[in-house]
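> There's a structure below that I have some questions on.
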Amino acid sequence: MKERILLVEDTKFFGEFICRNITQKMNYEVDWAKSMEEAMTFIAQHQSNYIIALLDLGLPDAPNGEIVPYCIENNIPSIVFTGSYDTDKRRLMLSHGIIDYVMKDSAISLDYVVKLVDRLTRNTHITALIAGSDRSMQRAVADSLELMQMQCVVVDSVEEGKRWVENKENLGLIVLMDEMKDGDGFELLKEIRLSPKNKYIPVLTLQSEVNRIGNRNIKYGANDYIDFPFRHTDFFTRVNTIMQMQDQLKQLDYMAQHDFLTGLYNRRAFFERAKGLFAQARRKQITVKIAAFDIDHFKSVNDTYGHDVGDRAIKALSDCLLENSRETDLIARFGGEEFCALYTDMDDGYMVSYFEELRKKVSELELEIEGEEFPLKFTISIGVNTHFIEDISEMINHADNALYASKENGRNQVTYHSEDP
Ligand SMILES: [Mg+2]
């Protein structure tokens, strides 16, 4: 298992910055060598454990980048991090097979190099699909992607490409060529983007001199295109950029659907998902139940102990709801201390014991509070609508009314609504 990063850097400022940032952001050990000699000692000890090396070109005992071929010969993927820009030196270093050549000239490039290490270490878990029948394109793409630490799968037909996209769980990138044995890459691109589950897979297409179809591909969902033949550094930058972009979109999408405090779905996502579950339940003729939950006397918790404690109560309740849910249950925080959940295929006998048990478990939760002798305990009121009707909002209204009845009748209890009045 590769788990170390080698940093060879004789300047204290850069060395400390990189060590600190890498150890804070990633779960890797950094070995910091301040000279070529120290680096050689580290390599003798841990060679096969280095996932990446970050190399300074000017070292006291190796002033001309001698460390670079040494690391490459020892099969350590290397990034050059240097203070002076020199075209010939850059070309020479790239010819040794380094991943990237980064200038040490500003806070932005320091930040870039840390993100790059993060990206590359994550790439080791990523499989990239290379689709196209041109051998020289396949080779060039695979060489670059392997240098970027990805596993590559090469397919030369649309059919095979579809199969991989369908069945492979951790596809992190698709590089698509126009020419395929049984059709063209464009067909595969359309197929990929038709399925919502592939929404965030970055797709880069290659365009040749004779077939300039890059912009058409973008209209159909490719994230970018590049001319072939390409220089590794250009390809590398495009791939990194689209991967980062898709990661960010995925993250934004997650944030738009989830509640920040609890990680549960928010109200909007609940409605979106509930629609699908309703349709499915009707097709399969199974039951749907909706429950509304609310923490009792929540305002007084906030007023007495402050919002931090209120937040902890909300989090404790959401954890309890999750721990006691089945995989098919849909649980959301609607706002404040209000939660809503949808259960499919839950029979009435089980339901009564389930909610009773849940109510009891919540009442036994204990929150330790600094400066207080006794832990905080709280209860919830629950309203459950067991009568399946097509209209989600109306089902929730009935659950809310049942919840209101629980409150009216003294809280810490479950009320059921079973049929339209
Ligand atoms: Mg130096």
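In case you wondered, yes, glycine gets a Cβ from its N, Cα and C as well.
In case it helps, TrEMBL gives these features for our protein:
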- 4-119: domain 'Response regulatory' (DOMAIN)
- Asp56: 4-aspartylphosphate (MOD_RES)
- 127-243: domain 'Response regulatory' (DOMAIN)
- 286-419: domain 'GGDEF' (DOMAIN)
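Burial and contacts for the listed features, if you can.
The average pLDDT computed over the domain 'Response regulatory' (4-119) stands at 93.
Neighbours of Asp56 (4-aspartylphosphate), defined as other CB atoms within 10 A of its CB across all chains, total 24.
With DSSP classes pooled into helix, strand and coil, the tally for the domain 'GGDEF' (286-419) is 58 helix, 33 strand, 43 coil.
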